[in-house]
């Protein structure tokens, strides 16, 4: 028996997933005490059920992470058959290695806490670094938004487009996407002097007279993205688009994008967005509910999920 529950971070996506599966979201109560502590209560029997807990990282990563841990713990104590943590956007993923002395590996700690809470499996999408899957001892399915993004990009009717990797670390992702849409590949060489600050140096590859699509796993402050657009335009790119799975969009990111020379920012709904952002003429929001819904269905039935990664 499958039961799907949602935290407070992205209930709209959870409802879409439940609709795809043809079920109602499980009944539970999430409250906050006057001192800010979280209280969670399951309102239905989940004994021997196959439980899926949907909770995404977002603008309030700390609160929503703690909420996820408490939800998993509550389910674990209610004796289900299995608990799968469905995390569309895995927060703290950028802190996945010691880039300097005396810093935490936060992505590993989050993985440890998810397991310690009692999760038996994890379902996520476009991890910042695929190696994060190795931080877990339980099975991890890392879905890709590429099929959804590629279908939208192909519908733009661009001629001879070039897919742009915003840095060396994203080359593999960009190469796979370029192959999917039948496009060429270019790379932006940049150096980051401080966190959330990037200086674009130059473009490696031919973009003059071409439509360029910057591909990244997330867009945060928008600084890197806007500088990348400027660099591509300087090199003669005709039109510049961006396709990013996770729309973190912190600070004044939306204003930066609106005032940039970018044609469109294409994102998914792994993170809940305000209505004014979803209605922004420069931002297209695509749903990944069917991808997650199909993955959940297959996990529940014991079917292979691998074809969803292609």
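The backbone N, Cα and C atoms fix where each Cβ goes, and this holds for glycine too.
TrEMBL: automatically predicted annotations, no manual curation.
The domain 'Ribose-phosphate pyrophosphokinase N-terminal' annotation in TrEMBL covers 2-118. As annotated by TrEMBL, ATP binding site applies to 35, 36, 37, 94, 95. Here TrEMBL flags 128, 167 as Mg(2+) binding site. Annotated active site per TrEMBL: 190, in sequence order. The D-ribose 5-phosphate binding site annotation in TrEMBL covers 192, 216, 220, 221, 222, 223, 224.
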Message: If I take the alpha carbons of residue 222 (D-ribose 5-phosphate binding site) and residue 95 (ATP binding site), what is the distance between them in whole Å?
response: 19
Query: Should residue 224 (D-ribose 5-phosphate binding site) be counted as helix, strand, or coil on the basis of DSSP?
result: helix
Query: Cα-Cα separation of residue 221 (D-ribose 5-phosphate binding site) and residue 94 (ATP binding site), in Å?
result: 14
Query: Over the domain 'Ribose-phosphate pyrophosphokinase N-terminal' (2-118), what is the model's average pLDDT?
result: 97
Message: Highest Cβ count within 10 Å among the binding-site residues 36, 222: which residue is it?
response: 222
Task: Could you tell me the maximum Cα-Cα distance in Å between the residues recorded as binding ATP, namely 35, 36, 37, 94, 95, rounded to a whole number?
output: 30
- request: List, in sequence order, those binding-site residues among 36, 95, 167, 216, 220, 223 whose Cα sits within 10 Å of the Cα of residue 190 (active site).
  value: 167
Message: Validating a neighbour-count step here. Other CB atoms within 10 A of the CB of residue 223 (D-ribose 5-phosphate binding site): how many?
response: 19
